[in-house]
Amino acid sequence: MRSDTIKTGFEKAPHRSLLKATGTIKEKGDYRKPFIGICNSFNELIPGHAHLQELGRIAKEEVRKAGGVPFEFNTIGVCDGIAMGHIGMRYSLASRELIADSVETVAEAHRLDGLVCIPNCDKITPGMMMAALRINIPVIFVSGGPMKAGCTPSGKTVDLISVFEAVGQHSTGEISEQELESIEENACPGCGSCSGMFTANSMNCLSEALGFALPGNGTILAVDPRRNELVREASRQIITLVKNNVRPRDILSREALLNAFALDFAMGGSTNTILHTLAIANEAELDFDFSELNALSARTPYICKVSPATMAVHIEDVDRAGGISAILHELSKVEGLLDLSVPTVTGHTLGENIADAEVKDRSVIRSVEDPYSATGGLCVLYGNLAPQGSVIKTGAVSAPMMKHTGPAKVYDCQDDAIKGIMEGEVKSGDVVVIRYEGPKGGPGMPEMLSPTSVIMGRGLGDSVALITDGRFSGGSRGACIGHISPEAAEKGPIAALQNGDTITIDIPGRTISVDLTDEDIASRIAALPDFQPKIKKGYLARYSQMVTSASTGAILKTPVSCEPK
């Protein structure tokens, strides 16, 4: 066992003395058992994590019963909703790297034999996955579970996005202050990751397809008693994984990644999943290119439409309809789309995991013969505005905006854009451009939920597009194109845009372009001053210098001698 490094032999007496002082070692026989890290992310700032202390307790209890010695430790976490619309959002994506590094540090420093990872919200799940693949010891994921959707006294179903959009509605006088307060009070009824197919729930659903989590991980509600049972089962299973030395890189393959992307496209997951899955592939040293995604999306039917694409369906409804296993089982009917032979943490193949799954509600999960669209709910757009690509959640775009041409309304930061939209600067037909908000420029590639919500709230969702080198919340809807690469801070074409330039978006054609020649763009770029970092000290200053393009997952640069082969 790896942990023998810190517990076996007379020379390890000091180590054992310290371990005994923790109170976790109950008897000398514990030194012969595997040491299992309970990698929790409990904190009281994130509703998706406020209940995780109890899940950690359950995990420790089950690991000990199953023959291991549990050691709980915590990672940090950021609530994207609370961090939205101010300096805090610049820390959100950047926190993913801190989480990965911190999990690596604890597991390696203490020679743990395996990990039970308990994430939930946006950057915690991918951060833990990146660490798991980096250290490559047996790991199982069990999330905290989704939040239940809210309901106003009038019977209207609401969620967090309802609150953001209500701000825009209130600013135009469409709803009263009392109506806004009612939505605010009822949208988030308790613990769990926000209730739609936003980033957190998207990633926890993908965990099942990647093979890192047990069936039910993505959809069983945080308040459902089955969530606690799932934690118990996962905590027992880690002992089996350790005994059999089943490690993350034994599970994650190129085929498993393609399975996860197919699921993502079929349920219209968050655009952030592309960013995170590319980063996860990098940690596994798997060769996967951004440009491959459109071919897969073209073969994947969009069969499960969930908030924000529709307010009629939330994650609890997906669970009731059969969960992720049912979606995957339905997708398996498309010849060659899924590789069902890939291994998973259950000890069975993906195909075996989903063999008995069935769709219980066709209004939630459609058949592959009757999809919402024949192609997936996410895609990549290329063109002279995004030579390295950009992403859009097509499943949340209304029909009138699938093709759009309009004049650019350019803002060099999100705050100016929000102010301009609220003050009526943006008119029907415009294309709002928010730049210098990419991984380097932001820094941290902040989400644009506030401006997209204000656009929707002001009734412009069917007539205004928004493009950015930043990114979008999983809760954003409308013609929102993010991750434009190269970013403005790297003198990408988006930096050349001026007010009034004609931008054309063709989602079916997978293109985004500006009516300028290559020479026009080059001359404008040449006249620009070099980008000056907005933050000069602390973590974000270092992050800005080290982060790479969104098209590669916004991973950090490493020394050439340390780069994956």
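Using N, Cα and C of the backbone, Cβ positions are placed for all residues, glycine too.
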Exercise for review: Check Swiss-Prot: it lists Asp122, Lys123, Glu447 as binding Mg(2+). Then name which of Asp80, Asp159, Asp501 it lists for that same site.
Suggested key: Asp80
**Study point:** Which recorded positions sit within 10 Å of Glu447 (Mg(2+) binding site) - Cα, from Cys121, Cys194, Ser473
**Key:** Ser473
Practice item. Using all protein chains in view, find how many other C-beta atoms are within 10 Å of the C-beta of Cys121 ([2Fe-2S] cluster binding site). Key: 28
Review point. Rounded to a whole number, how many Å is the Cα of Cys121 ([2Fe-2S] cluster binding site) away from the Cα of Asp80 (Mg(2+) binding site)?
Key: 8
Exercise for review: Could you tell me which three-state DSSP class Asp80 (Mg(2+) binding site) falls into?
Suggested key: helix
**Study point:** Alpha-carbon spacing, Asp122 (Mg(2+) binding site) to Ser473 (active site, proton acceptor), which is rounded to whole Å
**Key:** 9
Point to revise | C-beta crowding around Asp122 (Mg(2+) binding site), within 10 angstroms | key: 34
